[in-house]
Amino acid sequence: MPNIDLPTLEAFVHAIPQNYKGPGGAVAVVRNGEIVLRHAWGFADLAARKAMTPETRMPICSVSKQFTCAVLLDCIGEPEMLDSALAAYLDQFEDGRPAVRDLCNNQSGLRDYWALTVLCGAAPEGIFLPDQAQNLLRRLKTTHFAPGTHYSYCNGNFRILADLIEQHTGRSLADLLAERIFAPAAMKTAELIPDTALFNECTGYEGDTVRGFLPAINRIHWLGDAGICASLDDMIAWEQFIDRTRHDENGLYRRLSSPQTFADGAPAPYGFGLKFEETGGKRLTGHGGALRGWRCQRWHCADERISTIVMFNFEGNASDAALKMMNAALGIPPAKPVRAQANPGWFGSWLNPETGLVLSLEDAGGGRMKARFGTGPEKMDISGENEAQSSMTTLRRDGDMIHLARKDENLHLAMHRLKGKARQDIAGRYRSDELEADLLLVSEGGAIYGAFEGFLGKSDMYPLYAAGPDVWLLPVQRSMDAPSPGEWKLVFHRDAAGRITGVTVGCWLARGVEYKRL
């Protein structure tokens with residue numbers, strides 16, 4: 001490819017504080033192992049007036065997953081070496097237990113454990129300890145799809161992986177990372193700090209320019225799925241290590257970034273803690289990270305030996321910034337989608353009965369819709385009277401049915417339009433035997449509210465909103481991890497006499513949790 005258009009790239013970077021508004025951040029572009037651009041702005045701590053620098057450490061959150069998998073490959077070998085240990089770990093499973101490779105590739109079908117903490121009554125700013133993580137993970141008995149058939153993001157996959165690595169080696173993951181990954185890669189200040197409450201070198205901020213920015217409170221312990229703190233310079237060193245070892249057939253990053261497939265042979269979007277994407281016909285590998293008050297993203301294009309890194313100490317869209325930086329570095333112009341007018345027949349709520357997942361669509365203007373299906377809203381471009389798509393989802397409407405496809409997830413669902421009013425007779429207490437947790441629903445002044453109770457405590461009351469007959473939505477916008485699960489979908493079940501017998505509770509991260517009415 002021709003040389004990078006440095007003025008265009010610099011102009012984009014210098015506009016980041018205006019386009020991604022927040023306290024501070026740091027970004028870099030690396031090509032051929034050399035630093036093209038390295039820039040920090042703003043403040044690491046607004047109150048202390050401490051400036052952000054390329055040496056400032058920040059939590060890299062889920063970007064840590066690739067390093068956990070790197071330790072696995074470097075210290076133990078192929079994932080199958082730990083399959084018997086996983087069987088002992090998930091000894092409550094009834095059938096269809098995943099393999100360790102499924103954990104590494106986010107194909108396990110396990111429900112995300114941070115989402116499950118909500119159902120177990122956790123407070124968003126509560127304390128979460130290592131024994132509580134094992135308590136939750138070891139009680140699991142089922143998956144929300146057959147392992148190897150689909151993709152679903154699950155932090156618990158990598159928490160379990162960390163436990164298995166430590167058990168197998170007899171050493172702490174922190175020591176293994178320092179010795180086998182950080183030292184060879186010259187990541188001089190990178191460190192595993194599992195307790196988020198202990199990190200105080202830089203402050204992460206909740207909020208925005210409308211509500212203001214407030215220091216985020218985090219008191220969770222995470223391991224394997226996240227926990228590494230690193231500076232921009234540390235992350236640059238990782239990209240340079242990747243470039244130095246690019247010709248090594250057994251090089252760590254070559255092994256981590258190798259293509260993966262689903263059980264049916266279809267290409268998978270994720271492997272060994274790395275997300276696979278494509279831009280302008282070029283394959284990218286990388287990962288994002290999030291915690292309340294923090295966002296980061298790295299991308300690597302092996303074909304062109306280019307990497308981009310974005311680190312924010314606020315909840316800005318680091319993934320968007322990193323991809324746009326990559327496109328600028330690759331000389332890929334912004335896409336110009338062709339949009340059609342929105343047909344009102346799109347708008348409303350749609351249910352897939354098999355998964356209990358709900359798709360909500362509303363007009364966003366300019367030939368776009370706002371869709372709620374996963375962890376956060378998506379903007380869908382309407383490309384025809386009955387077709388719409390985003391970067392993740394394709395929709396095709398046929399009257400009162402929408403065919404939803406998420407190719408990367410190997411997921412195809414028939415969504416049926418919800419029509420009619422919801423009955424108000426849902427108040428009561430419901431029990432999940434698998435989680436040993438309760439859902440309490442009450443009616444106050446004609447409005448329905450719900451609360452979760454379990455071994456982690458009793459949650460606040462959350463309002464419920466009717467989506468259709470026996471289908472309700474319970475939004476949860478703050479939780480221990482970020483992003484939050486979003487809208488929980490509640491699908492109620494009745495007997496022949498019309499009495500409610502139970503409810504299926506789920507979201508994209510944790511589907512199909514069955515509760516029976518007490």
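Cβ atoms here come from the backbone N, Cα and C positions, even for glycine.
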Region 'Important for specificity' per Swiss-Prot: which of the ranges 279-289, 477-487 is that?
477-487
Counting only residues 6+ apart in the same chain, whose Cβ is under 8 Å from the Cβ of K65 (active site, proton donor/acceptor)?
F158, G224, D225, A226, G273, L274, H287
So what's near the region 'Disordered' (373-392) in sequence-distant terms, Cβ-Cβ under 8 Å and 6+ beyond its ends?
337-343, 346, 357-361, 364, 367, 398, 404, 406, 408, 483-486, 507-509
Mind checking which residues reach the region 'Important for specificity' (477-487)? Cβ under 8 Å, same chain, six or more beyond either end.
112, 114-115, 117-118, 122, 124, 126, 128, 155, 220, 222, 290-292, 294, 315, 358, 360, 372, 374-376, 507-510
Once the chains shown are all counted, how many other Cβ atoms turn up within 10 Å of the Cβ of D481 (substrate binding site)?
27
If you skip the near sequence neighbours and keep only those at least six away, which residues in the chain come within under 8 angstroms of S62 (active site, nucleophile), Cβ to Cβ?
N155, D225, A226, H287, G288, G289, A290
Reported in the order helix, strand, coil, what are the DSSP residue counts of the region 'Important for specificity' (477-487)?
0 helix, 2 strand, 9 coil
